[in-house]
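S.K.: Next up is a structure, given as structure tokens.
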Amino acid sequence: MNIKNICCIGAGYVGGPTMSVIAAKCPDIKVNVVDLNKQRIAAWNETDLDKLPIYEPGLSAIVAQARGRNLFFSTDVDQAILDADMIFISVNTPTKTYGIGKGMAADLKYIELCARQIAAVAKTDKIIVEKSTLPVRTAEALKSILSSTGNGVNFQVLSNPEFLAEGTAVQDLLEPDRVLIGGERTEEGEVAMQALHDVFHNWIPSERILLTNVWSSELSKLTANAFLAQRVSSINSLSALCEATEADVDEVARAIGQDSRIGPKFLKSSVGFGGSCFQKDILNLVYLCQTYGLQEVADYWHQVIKMNDYQKRRFAQKIISTLYNTVNGKKIVLLGWAFKKDTNDTRESAAIYVADYLLSEMAELVVYDPKVTAEQIYADLDYLNTRSESENRNLVTVANNYDELFDDAHAVAVMTEWDEFKEIDWEHVFDRMLKPAFIFDGRAILDMPALENIGFRGFAIGKG
Ligand code: UDX
Ligand code: ADP
């Protein structure tokens, strides 16, 4: 089966870059990316490529190559469904904030709405690809909704989890370690899997395209993220021990990472992992285990999240205790708000929680991030519902450059490892700050001994 027309529902961090790369690599396939959000679609159609709705290194060049040729962004969801042989579902699946599974299970309402819309509109057979991060057995639910329309249309449902990491999305899509395709082990299922395989095979060698059953594919996504997050929580737990002893967490990480059985990646201690996936996927895994009565397994994975919460709290407490147990009215500069460098995404960023903690102690925060807007920063704080919108605006100022950023500040805290923070002229910063001047390096990216030599009192995660 030769795919000629792809529709992707959801033009977010996953759908946008993934479809841009598919379109760039498969000029013979027409790719329509659709979303209900008019503003987002307008931004994807911006002639000024700096105004695309998401920031990813290399993305604007890929969009420029394919957009208008075989890549289109639109709000006409029905037409795109009608035209497609294959439909990717890339809508958001946030953690439920209400009802059964509140705070743990994924909210599948957007997925279900998509399935119902596809079922109502489609007139020809289609392959449906679940791309959003989903709990295990969602494909089954999708299939059930799709097949109960009774209008004679056949749907094959595939699971194709996304492994791209933000900040390196384009590179990860161009040269993935593996692509996973889960499908029904029936004749029709095999045909559908082969069709998706052939799309990716335009630029990815066959040995990197793994075909599995649907449940294995869905569970692999949760598990991969749980393993990665577990490594970060493991090294972060040791950062606390290192701070209490003479050990240095970076030295420990280097030493254990050189063991080829352990490997060096995802051992960088930090103020805590963020992003839309890690916490959500682990909570999903925990919920799934509980549902099957596997309480010990659930507790085991839940500890990865608890350790991450502890790390964020511990960092904020360190700032407060160092500043003589009060930050009331003190200016503290937060460098970075995104959950990692090279993205404008702030979902679950450690910065939000550290800021919230400091604001509860009446600190006055000034936030600077090279890619995150003031609007987003206030929205993130308002969403927590800890204090009123006006209090958030009174206590937090957002700077869009370094002018006067550090003037009369008591402390600076590095929240995101943006490369530009390594280039800051710290001598100049020190001159502007109140003394004693404190610096808290939550990403361990600054050369602290050098900063201490010019007068800073410095604290980096995992250093005594
Ligand atoms: C993750 C997975 O890596 C990706 O495969 C999946 O598709 C989506 O979830 P992402 O959340 O975009 O990707 O970024 P990732 O690079 O995994 O980082 C997640 C968080 O962990 C960030 O806050 C990062 O700063 C933190 N981290 C990562 C550490 O604190 N230390 C590390 O050593 C690595
Ligand atoms: P992700 O990181 O998973 O890509 P995002 O929140 O960035 O998540 O993107 C999901 C997108 O899906 C949003 O832009 C949202 O407007 C869109 N969306 C959600 N439900 C629907 C729907 N039923 N039809 C079209 N688009 C939808």
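Cβ coordinates come from backbone N, Cα and C, glycine included.
Just so you know, TrEMBL annotations never went through curation; they're auto-generated.
Note that the coordinates shown come from a computational prediction; the quantities given were computed from them, not determined experimentally.
The NAD(+) binding site annotation in TrEMBL covers 10-15, ASP35, ARG40, 91-95, 132-133, GLU166, 277-280, ARG347. Under the heading substrate binding site, TrEMBL lists 162-166, 221-225, ARG261, 268-274, 339-340, ARG443. The feature active site, nucleophile is assigned by TrEMBL to CYS277. As annotated by TrEMBL, domain 'UDP-glucose/GDP-mannose dehydrogenase C-terminal' applies to 333-448.
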S.K.: Which of the recorded positions ASN92, GLU162, LEU222, CYS277 have a Cβ less than 6 Å from any atom of ligand 1?
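M.R.: Result: GLU162, CYS277.
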S.K.: Please determine which of the binding-site residues listed here (GLY10, GLY272) has the lowest count of neighbouring CB atoms within 10 Å.
M.R.: GLY10
S.K.: Quick one: which of the binding-site residues (GLY10, ASN92, THR95, ASN225, GLY272, GLN279) have their CB closer than 6 Å to ligand 2?
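M.R.: Near ligand 2, sequence order: GLY10, ASN92.
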S.K.: Of all the recorded positions given, ALA165, CYS277, which residue's CB has the most CB neighbours within 10 A?
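M.R.: In terms of Cβ crowding, the pick is CYS277.
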S.K.: What are the sequence-distant neighbours of TYR13 (NAD(+) binding site), meaning same chain, six or more residues apart, C-beta distance under 8 angstroms?
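M.R.: When sequence neighbours closer than 6 are ignored, TYR13 (NAD(+) binding site) has ILE54, GLU166, ALA169, SER276, ASP345 within Cβ distance under 8 Å.
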S.K.: Rounded to a whole number, how many Å is the Cα of GLY10 (NAD(+) binding site) away from the Cα of GLU162 (substrate binding site)?
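M.R.: GLY10 (NAD(+) binding site) and GLU162 (substrate binding site) have their Cα atoms 14 Å apart.
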S.K.: Please report the distance from the Cα of ASN92 (NAD(+) binding site) to the Cα of GLY272 (substrate binding site), rounded to the nearest angstrom.
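M.R.: Spelling it out, the Cα of ASN92 (NAD(+) binding site) and the Cα of GLY272 (substrate binding site) are 23 Å apart.
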S.K.: For the domain 'UDP-glucose/GDP-mannose dehydrogenase C-terminal' (333-448), how many residues does DSSP put in helix, in strand and in coil?
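M.R.: The counts are 42 helix, 20 strand, 54 coil.
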S.K.: Tell me the Cβ contacts of GLN279 (NAD(+) binding site) under 8 Å, same chain only and six or more apart in sequence, or just say none.
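M.R.: Same-chain residues close to GLN279 (NAD(+) binding site) (Cβ under 8 Å, separated by 6 or more) are THR95, ALA229, PHE273, ILE305, ASN308, GLU348.
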S.K.: Just counting, how many other CB atoms are there within 10 A of the CB of THR95 (NAD(+) binding site)?
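M.R.: So the number of other Cβ atoms within 10 Å of THR95 (NAD(+) binding site) is 19.
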S.K.: Does DSSP put TYR13 (NAD(+) binding site) in a helix, in a strand, or in coil?
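M.R.: DSSP call for TYR13 (NAD(+) binding site): coil, neither helix nor strand.
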S.K.: Can you tell which of ASN92, ASN225, SER269 has the most other C-beta atoms within 10 Å, given these are the binding-site residues?
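M.R.: Within the set of binding-site residues, the most crowded position is SER269.
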S.K.: Restricting attention to the domain 'UDP-glucose/GDP-mannose dehydrogenase C-terminal' (333-448), give the mean pLDDT.
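M.R.: In the predicted model, the domain 'UDP-glucose/GDP-mannose dehydrogenase C-terminal' (333-448) has a mean pLDDT of 97.
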S.K.: Could you state the CA-to-CA distance between PHE339 (substrate binding site) and the residue listed as 'active site, nucleophile' to the nearest Å?
M.R.: 11
